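According to Swiss-Prot, the features are:
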type	residues	note
ACT_SITE	Glu134	active site, nucleophile
COMPBIAS	257-291	compositional bias 'Low complexity'
DOMAIN	39-241	domain 'GH11'
DOMAIN	300-335	domain 'CBM1'
CARBOHYD	Asn42	N-linked glycosylation site
CARBOHYD	Asn78	N-linked glycosylation site
CARBOHYD	Asn202	N-linked glycosylation site
CARBOHYD	Asn251	N-linked glycosylation site
REGION	251-291	region 'Disordered'
SIGNAL	1-22	signal peptide
Amino acid sequence: MLRKLVTGALAAALLLSGQSNAQNACQQTQQLSGGRTINNKNETGNGNGNYKYEIWRDGNGGSLTLYPKDAAFKASWNNSGDFLGRVGLTFNKPAATNLGGDLIANYNYKKSGSDGGTYSYIGIYGWMDNPQIEYYVVDDWMHNRGAPGGSYMGSQKGTITVDGGTYKVWSGQRTGASKWGTSTFTQIFSIRTSPRQCGSINVSEHFRQWQKLGLRLGGLMEAQLLAESGGGSGYVDFTYATITIGGSSSNASAPSNNNNNNNNNNDNNGNWNNWNNNNNNNNNNNNNNNNNNNNQGGGNCAAIWGQCGGSGYNGPKCCKQGSCKQINQWYSQCQ
């Protein structure tokens, strides 16, 4: 995801806790109140304890309420284009799988609204360095189009089982805006096949499973609970949220490699072409159609709902159907 306001500050101390039980998180339903609200601006800063926060919006309305308890927050948006709210920990680039204990996120939230038919993520998000990696663990989303997935995420590397759930793992290369300006970096996604609104994410176990699939990791810069939407109006309200180090590792099955070419395409009966969004326009090395053909008659032009432009994008810039509409500076779509 494109982030202009992210800091790489080191957490002053790593939090230790044994609260890694999903059942406990799902029992934390009391509505929170109070705290501080940031309205209609892009900002990063310090939250409770060692937690850091960020709100980022690409126009129009959005707010982030920081509750006076742990990493709990409420993110709200109103036709704000790309919007995100996130709270979590930052690190000084230790090896992702050598943190002195497992990195565990516990959460419970309510949600309402939609992503405007584009894209949305709820889960864990962060960056690594050397190599540059943007990563997601997605447990839920704001739409009813099925689990995210498709060639815009790169290629499917396999499936893993973590915290009692099955995740499809995708990875690809992207060139565009990043924490380092404009650069080429790797994206890694764990997409849960059955969404949930409470539980525990053993982030460290995802890291280990990614390595078993042959993915190279870097030094950890951040791990934060995320609510992101590419449009529409709605909110995600975390009534309980902690990110700790020191929990025990969850039981995880060995990853299953996936070399089926069909999995590199839309795996939701065609419903996911319109999820090819501004944050995940991978310049995928497996996509031979990524060229600068401007032939408006078709040929290598993008299909309906496909990407046709944006900062850092090197693919087709014409549409087989409809016309190319700019969504924001990073993403234009055939509509």
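Please read every residue number as a count from 1 along the shown chain.
Cβ atoms here come from the backbone N, Cα and C positions, even for glycine.
On a predicted model such as this, the values are computed, not experimentally measured, just so you know.
Cβ-based neighbour count (10 Å, all protein chains) for Asn78 (N-linked glycosylation site) stands at 17.
Here the Cβ of Asn202 (N-linked glycosylation site) has 24 other Cβ atoms within 10 Å, regardless of which shown protein chain they belong to. Annotation note: Asn42 (N-linked glycosylation site) sits in a coil segment as assigned by DSSP.
Per Cα geometry, Asn202 is the residue among the glycosylation sites Asn42, Asn78, Asn202 nearest to the residue listed as 'active site, nucleophile'. Scoring each of the recorded positions (Asn42, Glu134) by how many neighbouring Cβ atoms lie within 10 Å, the top position goes to Glu134. In the three-state DSSP classification, Asn202 (N-linked glycosylation site) falls within a strand. Across the structure, Asn202 (N-linked glycosylation site) and Asn78 (N-linked glycosylation site) place their CA atoms 31 angstrom apart.
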